[in-house]
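So that you can see what the record holds, here are the features copied from Swiss-Prot:
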BINDING   Cys12, Cys96, Cys198  [4Fe-4S] cluster binding site
BINDING   His41, His74, His124, Ser226, Ser227, Asn228, Ser270  isopentenyl diphosphate binding site
BINDING   His41, His74, His124, Thr168, Ser226, Ser227, Asn228, Ser270  (2E)-4-hydroxy-3-methylbut-2-enyl diphosphate binding site
BINDING   His41, His74, His124, Ser226, Ser227, Asn228, Ser270  dimethylallyl diphosphate binding site
ACT_SITE  Glu126  active site, proton donor
Amino acid sequence: MQIKLANPRGFCAGVDRAIEIVNRALEVFGPPIYVRHEVVHNKFVVEDLRARGAIFVEELDQVPDDVIVIFSAHGVSQAVRTEAAGRGLKVFDATCPLVTKVHIEVARYSRDGRECILIGHAGHPEVEGTMGQYDASNGGAIYLVEDEKDVANLQVQNPERLAFVTQTTLSMDDTSRVIDALRSRFPAIGGPRKDDICYATQNRQDAVKQLADECDVVLVVGSPNSSNSNRLRELAERMATPAYLIDGAEDMQRSWFDGVERIGITAGASAPEVLVRGVIQQLHAWGATGADELAGREENITFSMPKELRVRSLL
């Protein structure tokens, strides 16, 4: 059995920044540091930060007064920001800048009196935060659609004053079909010049297509609640390549590789490389060889830290 590695894979710039914000806050201010929602969707990362003194909560009413709170990479609604400000909580915002870009678009559509359609997955924290940027007090509304069926059933107030945005971690192929359906049903709809799916999601989906084309089975390292990791598994399966989403080596079964010659490995944008190395080590113990990285797209994007943490870390 030969191992092939997707390129790129694993951490993106937004995840790197979010984790570093929590780490630096712990270093500068000491524990406990409260984090609203898992800072990124990866069990290994969350447990490591929890061991260092991070406390993960789902709502601000679980946060005591006079502590530091970090908003996760997925972003939060304006209502959450207002609640934090009203309580005087010290907040560091780890929202991915590419998610913030979508938030700004939604707020602009609201101010302009346009209704907004968000393409995304119900219940995902990024979706909840993005929908919470729309101020419906002026009579407008924001709608959530997941697929073409939702578009066909959608009723809006004014089809002539309508715009769309997308969750950043969706399948590019699925999203393209939904956008086509929106434009067909609502010809006057506006939107971004390209969809809001982030560079890292696009690059990892392109890479897994190449991997699935060259391998007999694909392993996606990522947690079950990671949207972008699930999309990678689905994409490989659509290419008729068996694919498994695993948190780490401990989730693998030896029988998956019976009769397999080429094993492909990729990782979602919130999965650290150490987990990939653990998978490779276990596969080597089962007789696999190599770990050749495919040619891919280089990523050199970085996002800046909050000023206070950036300055304090240099002291």
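Just so you know, glycine gets a Cβ as well, placed from its N, Cα and C.
Closest to Ser226 (isopentenyl diphosphate binding site) by Cα-Cα distance, out of the recorded positions Cys12, Cys96, Glu126, Cys198, is Glu126. Within the same chain, the residues at least 6 positions away from His124 (isopentenyl diphosphate binding site) whose Cβ sits under 8 Å from its Cβ are His74, Gln167, Ser227, listed in sequence order. For the binding-site residues Cys12, His41, Thr168, Cys198, Asn228, Ser270, a Cα to Cα distance of within 10 angstroms from Glu126 (active site, proton donor) holds for Thr168.
Comparing the Cα of Cys96 ([4Fe-4S] cluster binding site) with the Cα of every entry in His41, Thr168, Asn228, Ser270, these being the binding-site residues, the smallest distance points to Thr168. For the pair Cys12 ([4Fe-4S] cluster binding site) and His41 (isopentenyl diphosphate binding site), the C-alpha distance works out to 13 angstrom. For the recorded site, Ser227 (isopentenyl diphosphate binding site), the DSSP three-state label reads helix. Between the farthest pair of Cα atoms in the dimethylallyl diphosphate binding residues (His41, His74, His124, Ser226, Ser227, Asn228, Ser270), the distance is 15 Å. Non-local neighbourhood of Cys198 ([4Fe-4S] cluster binding site): Cys12, Gly14, Cys96, Leu98, Thr168, Thr169, each in the same chain, at least six residues away, with C-beta under 8 Å from its C-beta.
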